[in-house]
Ligand SMILES: [Zn+2]
């Protein structure tokens with residue numbers, strides 16, 4: 001049975017950890033920075049050495065393709081190689097390097113596939129230099145306008161478009177991940193949470209990415225003197241806001257055990273110790289995989305009384321993101337292979353966003369998670385043992401081979417839905 005090579009994958013991880021390496025571990029490899037460009041160059045060099053055909057699209061995504069034996073759509077696998085400031089060596093990078101290792105295994109062991117196989121690198125997944133996150137996959141799937149994204153500037157006033165041009169990363173629109181040219185997309189990623197590590201599991205079979213809703217609640221009071229205003233005459237916006245938080249905490253907590261919600265930001269005006277607060281606003285971030293549960297959240301937030309503690313209450317939606325469910329057939333293939341290889345695994349949902357969740361809108365997609373030690377990510381301590389990395393890469397390899405052996409019905413289903 002074909003298997004990826006531990007020494008080779010280890011060497012790749014070590015090599016890419018140099019690009020943007022920080023003194024105390026981890027990396028800072030902001031999108032299109034010199035460190036990220038060096039990592040892209042190294043990846044391209046390695047792909048050429050394996051005989052792959054390397055293309056770049058009009059937003060800087062890299063596609064390195066090994067030809068298939070038949071004229072069929074490609075199967076894509078990959079992730080991102082940019083990081084946040086003081087990020088870890090595995091977030092994104094491991095998805096690219098395991099995809100590369102899978103293709104290297106095919107090349108070195110003379111395993112031919114019917115479909116061409118493409119290693120993908122997404123530009124600017126983190127959004128740490130150019131906001132928003134998942135920018136390039138968002139453009140490809142119609143969520144963001146390309147022109148608006150090219151104009152986005154970093155802190156130094158350099159636009160994303162200028163950085164693409166300066167880094168020689170601007171390719172052709174024709175090279176994009178077009179649904180008619182691809183069969184499916186697979187992304188391996190570190191979990192970035194504690195579930196797999198806590199349960200001593202090796203593989204997370206990702207069902208989807210949780211949806212979220214964000215609301216701003218504002219209590220409108222009346223500023224007045226802290227010493228001269230009797231308690232019963234006050235319109236204290238902070239008191240009203242805190243009553244709203246308590247009500248929401250209690251009501252939202254009863255909906256579903258998987259629902260997570262956070263009141264992470266609060267702004268008190270004028271925020272001076274001798275003045276009764278005039279206006280207090282706070283944020284609510286709620287996440288769950290089921291749209292119906294998030295609708296319950298919305299109902300409860302909207303049902304806050306218009307008047308509390310002598311203050312008017314207003315509720316505004318800040319933004320929301322729908323849940324993504326990955327392709328059930330692909331998810332089942334990942335599960336089948338994790339089981340067949342004897343790797344302890346479970347289904348889970350991702351609480352973090354990934355390019356695959358956008359790609360799923362145009363192409364059958366799935367994700368494979370490997371454990372994050374201590375549940376840590378976006379920091380220097382981010383780590384996944386090489387043995388877990390190998391298990392993930394083997395699941396990726398065998399899922400790819402299963403897909404290759406299938407007909408194109410999985411993709412045709414999508415194309416007909418899209419019409
Ligand atoms: Zn990532």
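In case you wondered, yes, glycine gets a Cβ from its N, Cα and C as well.
A TrEMBL annotation is a machine prediction, not a hand-curated record.
Owing to the predicted nature of the structure, the values given are computational and were not obtained by experimental measurement.
When the candidates 14, 189, 220, 225 are compared with the Zn(2+) 1 site entry in TrEMBL, which names 80, 91, the shared residue is 189. When 354, 378 are compared with the Zn(2+) 2 site residues 91, 126 in TrEMBL, the one appearing in that site is 378. Cα of residue 80 (Zn(2+) 1 binding site) to Cα of residue 126 (Zn(2+) 2 binding site): a distance of 8 Å. Ranking the binding-site residues 80, 189, 378 by how many other Cβ atoms lie within 10 angstroms of each Cβ puts 378 at the bottom.
When other Cβ atoms within 10 Å of the Cβ of residue 126 (Zn(2+) 2 binding site) are tallied across all protein chains shown, the result is 22.
Cβ contacts within 10 Å of residue 91 (Zn(2+) 1 binding site), excluding its own Cβ and spanning all protein chains shown: 28.
For the recorded Zn(2+) 2 site, residues 91, 126, 378 set the reference point as the centre of their Cβ atoms, and the other residues of that chain within 8 Å of it by Cβ are 83, 84, 87, 88, 92, 128, 192, 377.
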